[in-house]
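Novice: Straight out of TrEMBL:
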ACT_SITE  439  active site
BINDING   438, 443, 496  Zn(2+) binding site
């Protein structure tokens, strides 16, 4: 029997993101700019299908053909004829919506595979209009994905590298040692891994690696290199068709740019996506940072490395959003107060950036967010050298926050009854504070000690001392080394944990609470619910731990579990986990937090831990950082709490993560029209069907070629065959 965690439930929450009023207030020129940026983002977002798993692109094409032929409502009668019950058809719609929302058949939050909760998928495909019109094509498509569609072999249950899971960033014969070796090569050539994939073959007993750069220029060899006992070739042309489509729309957006910074930004993005240059994308990011206070905000490229098992390769994402001026005013106040708040953080001044580069911090209503999922807030760019010396931007996604974290009392788990009403009332306001602090003063704080290629230090190595030992610091980043390349597999989660700790620590500051409009007793409720939410999230994080491989599948949830461990270890009754039996007779657990000890026991525990996190990060102390972080990440049956047993209770009562339906924009004459859809599985599906109305076949053809990606993933020596097919 299949474990229910691999099915998406029929009653999964699906909400529409409301952006009508925000879009209406834009000028015609701004609407055109937003439209073409959205088109670029949606085309680029299809890349995530290819990055996620070998079969995702084929499943997407199969579904698109089915729904382009018959809308969800029309297909219902076909499903009945194929012998599906109403529940089975709903399960099919939910599966399809899940694939679109996650841009693949692995959950964007948790990296677990999900499969259709119906045995009659094939029967439905065979009854569709798409099959009747093109039986050969549909049968071929089904043949390429049917086995992997349902497969739950151990390795295929989650994303990972080697025996730990599936990753389309690497060929199937790669393991962690290959990723580490390739990183050494990339560092030696001063190349970033952000926009790459890695494929390994063996020729005459010699390891050969192909590093593929995402670019619109196809099949261009940039160089072949002997490196230690192996050969590396670097080639352009990965995702070429989709990169080219993104560039075409960025070129059109240039005509509607509001200023020179936006034009230069788009020019650099186009250069980056055409040639596969991360340096060009960094240059575009510099112009993006300089573009202060735009009405239409956007960012696009290979951004977050959460889903690369090695932590160095970026998943494609692109967003377009409109500024919410009222909420942005609060964030602007927080930015203005940053230079007063930063010295409050628990590390010596030498461990803080030499100068705080005041960023834009805006609340945005999302029009488009193309990728595998939508976050609540973002701090970008992720390039360390730019963030340290030139700046960054923060955004909070207001219309996402408005619907993502709405909670029904009867579905609220693991809290005492007298905490539930309080939690529901203050979760939104407290999370708003946490997101603001997390993004601005969490990700925006802390210095990295660097010795550049010319031997120059950005710190006084004869004076800066480790606050934990009192000794001069002994390690730092050298040359092209970055936070991601040094801390690799733990980098993302470690940094999320540091930012979350900053949020918990600084939310105790009255000035911060006042900026967000919270005073007196209300302010204390915000603090309590923020800390309570973090502790509860730490328990919920156990859902995202895989005991068989002893690995975490979600960076933020691992971070929150680590914080739970820190607060539990603080003792003195600050935090409790009480196992019990629920009203339904099933195992349950209740989280408790003593609010009287937050400012004493809790603050001291976070203060100490946060300082250690920063010191290891600043000094590039990978060994010490790993020992600290992996020690607190351990999920065991030993000690005061049996976390493996608690994990079973969490899985028993878990809630599926909400999915979002996004609008589309279309050009009608000289204006742009916004079309919104209902918050349902059918609405989400229809939004994707209508997203590529004029060139559906043009998009499907290169994605269908990704059936070869299954062959390539299994047998990289077929690279030349794939190239020949892609050039047809």
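Glycine is treated like the rest: Cβ placed from N, Cα and C.
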Novice: Of 439, 496, which of the recorded positions has the most Cβ neighbours inside 10 Å?
Specialist: 439
Novice: Sort out for me which one of 438, 443 has the most neighbouring CB atoms within 10 A, since those are the binding-site residues we care about.
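Specialist: Of the binding-site residues 438, 443, the highest Cβ count within 10 Å belongs to 438.
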Novice: Cβ within 8 Å of the Zn(2+) site's Cβ centroid: which residues qualify beyond 438, 443, 496?
Specialist: 379, 439, 442, 495, 498, 499, 500, 502, 503
Novice: If one measures from the C-alpha of residue 439 (active site) to the C-alpha of residue 496 (Zn(2+) binding site), what distance in angstrom results, rounded to a whole number?
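Specialist: Rounded to a whole number, the Cα-Cα distance is 10 Å.
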